[in-house]
Every structure is written in C-alpha cells, then in structure tokens.
Amino acid sequence: MDRLDFSIKLLRKVGHLLMIHWGRVDNVEKKTGFKDIVTEIDREAQRMIVDEIRKFFPDENIMAEEGIFEKGDRLWIIDPIDGTINFVHGLPNFSISLAYVENGEVKLGVVHAPALNETLYAEEGSGAFFNGERIRVSENASLEECVGSTGSYVDFTGKFIERMEKRTRRIRILGSAALNAAYVGAGRVDFFVTWRINPWDIAAGLIIVKEAGGMVTDFSGKEANAFSKNFIFSNGLIHDEVVKVVNEVVEEIGGK
C-alpha cells in the first residue's frame, strides 16, 4: 500500500469526524494545566488513525500525543488534533498531523486542516504539495518583507515578538504548530519559530518545509530532526537573521 495515499485519505476521513464536533465540544479535560487540554474527540480521532495503521502496517510502531509512545525503526507519529483550543472554541486553525519516520528520518508527512479544506503533504524526494498543487517556500530575502510566526510560550513569545515586530512586516500566532510549519512550505509565512515542542507537533511539517526548498534547524542553527526540541523553519534566505534574534531572546530569558 502506498503510504502517502493511505495517509492523505485517512486524515481526510478523520477530518469529517472533527467537523461534526468543531466548536461543539462540551467535555474538556485539563492535562498538565488549564492551557493544555484534551477532549474525547482527540481520543476518538487518535483511535481511528491508530486502528488503520495497526490494520495495514501491523509490524510498525506508533507515537501519538494521547498516550502512545512506542519506539522503533519504522515509526508513525500522530497528532489527532493540533490546536485543540482553536477546535474547542470554533476557530478554524486546527489540524491533524501524521508523519512516517524510518531510522530516525522523516519520510513523509501530511497536515490536514479540515475547517479550511487544506491538505499539505510531502514525501522524501518527491516535493511538497498543497491540495495537489506543487508548493515552494517564499523568495523573500529581507526580514522587512517577511511575515513570521511563532507559538504562545511563557517568557519567550512576548520578547521574540517585541524584537521581530521592529524588523518584519508582521508576526502571527496561529495556534497549530503543524499548520504553522506547513505554511512555511507553502510560502504563506516566511519563518516559524517553536520552543520546547514535541515530535507529533512538527514531524510532518519538517518534511513539508524541506521538500518545499526550505530550511529547518534548531536554535543553534544545526539541522533539526523530528526529535529536536526547538525549531526554526524558514525559506532559508532569512534563516541566519532569525537564528540571531532567537538567540538574543534565549540569552535574555536565560534558557535553552
């Protein structure tokens, strides 16, 4: 079975489930705190994805946000709803993310945003696509031309935005790391900075950006993989400038 075709069809199927419940969720549970939440729809969506992978790829392992942390040379990485807060509040910027990793390298990734009817995907060596159309990162070579994005991180975000708003056209926070990263690949944003994040949030976006001609590193500027903790996704042309600003912020707040 073709893994990419399997992944796209599966996430679109799960997307139909999410749209039934989008903005209509009554039972919201806290995980690590009031900003880190989960719903029964997260769990149901994850079960759907896991069941299909177990059925068609029974010898392969799974890492999924809601409590599955297997390891292995052939690994599927799942985020059933990336942007649960947006999903619960009826905001459209949420996504389902699925990546396949072989021997530590991401081989394919799919990010599906059902409320936006957008599917972004890539497979190693085959390019990146948005609803079937080939995509490339932007060609903006000056920060003054750029729209960047980041997540909501205590200590880091405010200081990062303060610095970048003076240098860029604008900074946006979408609330879905997977979608944020994929949008770098689509050229919708020029860079995305994420801080202390998990593999299921960014694994699919990582290969989408790379296959779209972009660059993905950690905060030191070294090439990142799905299991790095801090990421800078960019079109490559303004990457060094973003690394510089990020490290100014990290130094100021005294953390890595």
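Cβ coordinates are placed from backbone N, Cα and C, and glycine is handled just like the others.
Remember, it's a predicted structure, so these values are computed and weren't measured experimentally.
Summarising the annotation, Swiss-Prot assigns Mg(2+) 1 binding site to Glu65, Asp79, Ile81 and lists experimental evidence as the type of evidence. Take the CB of Ile81 (Mg(2+) 1 binding site) and look out to 10 A: across all protein chains shown you find 29 other CB atoms.
The number of other Cβ atoms within 10 Å of the Cβ belonging to Asp201 (Mg(2+) 2 binding site), over all protein chains shown, comes to 23. Annotated Mg(2+) 2 binding site per Swiss-Prot: Asp79, Asp82, Asp201, in sequence order.
For Ala177 (substrate binding site), the number of other Cβ atoms no farther than 10 Å from its own Cβ, over all displayed protein chains, is 27. Summarising the annotation, Swiss-Prot assigns substrate binding site to Asp82, Gly83, Thr84, Arg172, Ala177, Arg196.
Here is what falls inside 10 Å of the CA of Asp82 (Mg(2+) 2 binding site) among the binding-site residues Arg172, Ala177, Arg196: Ala177. Within 8 Å of the centroid of the Cβ atoms of Glu65, Asp79, Ile81, where the record puts Mg(2+) 1, the same chain has further Cβ atoms from Asp42, Ala45, Gln46, Ala64, Glu66, Ile78, Pro80, Asp82, Thr84, Ile96, Ser97, Trp200, Asp201.
The closest partner of Ile81 (Mg(2+) 1 binding site) among the binding-site residues, by CA position, is Asp201; the full candidate set was Arg172, Arg196, Asp201. Rounded to a whole number, the C-alpha distance linking Glu65 (Mg(2+) 1 binding site) with Asp201 (Mg(2+) 2 binding site) is 9 angstrom. Report note: the Mg(2+) 2 site is defined by Asp79, Asp82, Asp201, and the residues of the same chain whose CB lies within 8 Å of the CB centroid of those residues, excluding them, are Glu65, Ile81, Gly83, Ser95, Ser97, Ser176, Ala177, Ala178, Asn198, Trp200, Ile202. In this structure the C-alpha atoms belonging to Thr84 (substrate binding site) and Asp201 (Mg(2+) 2 binding site) are separated by 12 Å.
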